[in-house]
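Peer 1: One structure is given below, represented as structure tokens, and several questions about it will come after.
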Amino acid sequence: MDPSVTKRGSTSSSSGSSKSSNGSTKSVPNITPVVDKQVFIGDDGKVIEAPPISAPVKIEEDKPFTPHDDGVRDIENATNDCETLIHLLKGNIGTGLLAMPEAFMNSGLWVGLCGIPILGAICIHCMHTLGQWGRQLCLYAVLASYVSLLLSSFQLGPERVRSWAPTVGVIITTFLIITQLGFCCVYFVFVAQNLRQAFECMIPGGTDLSQLEYMAIIIIPILLVCYIPDLKYLAPVSLIAGVIQFFGLLITFYYILRDIPEVEEKVPGFAGWSGLPLYFGSAIYAFEGIGLVLPLENKMRTPRSFGGWQGVLNTGMLTVVCLYAGMGFFGYLRYGSTVAGSITLNLPASETLGQVVKILMAIAVFLTYPLMFYVPIEILTPSLVKRFESKRTKFLVEYAFRTVLVLLTFVLAAAIPNIGLFISLIGAVASTTLALIFPMITEILTFWPDMGKYNITLIKAIIIMIIGFFGFLVGGASSIAGIIQFFVDGSQEPPFECY
């Protein structure tokens, strides 16, 4: 099937521009249409003729389809602005936020404080342009996700790159799986370290269990939550995790703000060039929500409220940037060079409140594990079970595969029990590729050859890609070097005291 398609349900011919609802001319991709086709571009890269799965909208014959034509959409389980904002915040606030103080230690106090808004602005720009591409390409296809949008830019873009779509689909999917399983590895280490500190200091005399033993103990609970079969059943789990995380963050900020005047050592404003790649990886890891843009906007009752200067995206991400900057700045200022891979590990384990926040954050991250785990399962399981005919066999194979993946993340986490190194590596290699490099390639393909006046769009995209490739190569190399040094030094579990 020719991947070129026309506006959904239309019979018009292709052109280099289309008129919007206000009569202005907008550039659209240079695509040869097929008449009366409705298509869905799936995450597997296939173009499938199907009814639209996105929200039903009223389309006037003389206007191209965009998700925003009606202003208010009548869709099932639509979210309002406040609900969308909460989902956006939950998707961007996690272990990356708690790792910000160590990231600032790698960069220096003032360099870190200046770098977060810059990296945040780049990531927010990529999120905005992702939404713009989605609205542009939905003239031609129904786009359900981040992956389907990236694939569609190749399938519906310049003819000479269309044959690359299957290969690109494999690459994107691989990086997505690496990212999600990397999150799961980080979560394994995070939960074990925080529970160990809390219980070893809470129980008189302690238990003398190692971090590895704590990780082994939580394997069974993690397996049980990962056996939940459908995403809709994970919604209550996500809600509980969000509430617990909120209170945990409040207590964490209380601790890092209460004793700042008594900080014992002076922290440098610039820590040296060698630490910047690790800082970059940790910061990009923290901005992990670019894949939420399309799903959140598609589910909004008033999608026009998502973008814009005062829209949901800017409001939510500005809040996230401020949280990252505040956590990194005050956390590093408070604990200096002793700051850990997660700021919760620096909180006093001998105090009841400190023990409570460690347990709360461990539970919140534990409940988030199945949400991260769901993505690779949805990608990999169908191709694995399709070769079997019996439903019982398919069931057994799927759950055996879930078990193997959980055990894989356990083994990787046990091999490198260091949150900071894991976060920097995943951020530099996988998150950079998904958040910076591929989105800019997609923008170029979507609007080619119309790159704006003086090719400003092309120049901007190339600059961001250079930043992404630099972070990928240098940040990845620095993280790997840190991991090698970690093994050379004996791969010791981080020590702690009940003080």
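In case you wondered, yes, glycine gets a Cβ from its N, Cα and C as well.
Grabbed the feature section from TrEMBL, which reads as follows:
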{"type": "COMPBIAS", "residues": "1-27", "note": "compositional bias 'Low complexity'"}
{"type": "DOMAIN", "residues": "83-480", "note": "domain 'Amino acid transporter transmembrane'"}
{"type": "REGION", "residues": "1-30", "note": "region 'Disordered'"}
{"type": "TRANSMEM", "residues": "109-131", "note": "transmembrane segment"}
{"type": "TRANSMEM", "residues": "137-156", "note": "transmembrane segment"}
{"type": "TRANSMEM", "residues": "168-192", "note": "transmembrane segment"}
{"type": "TRANSMEM", "residues": "212-228", "note": "transmembrane segment"}
{"type": "TRANSMEM", "residues": "233-256", "note": "transmembrane segment"}
{"type": "TRANSMEM", "residues": "276-296", "note": "transmembrane segment"}
{"type": "TRANSMEM", "residues": "317-335", "note": "transmembrane segment"}
{"type": "TRANSMEM", "residues": "355-375", "note": "transmembrane segment"}
{"type": "TRANSMEM", "residues": "396-416", "note": "transmembrane segment"}
{"type": "TRANSMEM", "residues": "422-441", "note": "transmembrane segment"}
{"type": "TRANSMEM", "residues": "462-487", "note": "transmembrane segment"}
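Could you give the neighbours, burial and distances for every feature on this list?
Peer 2: Sequence-remote contacts of a segment are chain residues at least 6 beyond its ends whose Cβ falls under 8 Å from one of its Cβ atoms, and for the transmembrane segment (168-192) they are 43-45, 94-95, 98, 147, 150-151, 154, 211-212, 214-215, 218, 222, 288, 291, 342, 361-362, 365-366, 368-369, 372-373, 375-376, 379-380, 405-406, 408-410, 412-414, 416-419, 422-423, 425-426, 429-431, 433-434, 438.
Long-range Cβ contacts of the transmembrane segment (212-228) within its own chain (Cβ-Cβ under 8 Å, at least 6 residues beyond either end) map to 188-189, 191-193, 195-196, 234, 237, 366-367, 369-370, 373, 377, 399, 402-403, 406-407, 410, 413-414, 417, 493.
Residues 79, 84, 87-88, 91-92, 94, 96-97, 99-100, 102-104, 106-107, 111-112, 115-116, 119-120, 123, 126-127, 130-131, 134, 143-146, 149, 176, 179, 183, 306, 312-313, 320, 324, 420, 423-429, 431-432, 434-436, 439, 471, 474-479, 482 of the same chain, all 6+ positions outside the transmembrane segment (276-296), place their C-beta atoms under 8 angstroms from a C-beta of that stretch.
Here the transmembrane segment (355-375) has long-range neighbours at 94-95, 98, 176-177, 180-181, 183-184, 187-188, 190-191, 194-195, 197-198, 201-202, 218, 221-222, 225-226, 228, 231, 234, 237-238, 240-242, 244-245, 247-248, 251-252, 255, 342, 344-345, 347, 349, 402, 405-406, meaning same-chain residues at least 6 beyond its ends whose C-beta is under 8 angstroms from one of its own.
Panel annotation: around the transmembrane segment (396-416), residues 181, 184-186, 188-189, 192, 212, 215-216, 219, 222-223, 226-227, 373, 376-377, 380-381, 384-385, 388, 422, 483, 486, 491 of the same chain, lying at least six beyond its termini, place a Cβ under 8 Å from a Cβ of the stretch.
Distant neighbours of the transmembrane segment (422-441): 95-96, 99, 122-123, 126, 129-130, 146, 150, 153, 172, 175-176, 178-179, 182-183, 185-186, 189, 277-278, 280-288, 290-291, 341, 413, 416, 461-462, 464-465, 467-469, 471-472, 474-476, 478-480, 482-483; these residues of the same chain sit at least 6 beyond its ends, with a Cβ under 8 Å from one of its Cβ atoms.
Outside the transmembrane segment (462-487) by six or more residues, the chain places 122, 125-126, 274, 277-278, 280-281, 284, 416, 418, 421, 424-425, 427-429, 432-433, 435-437, 440-441 with a CB less than 8 A from a CB of the stretch.
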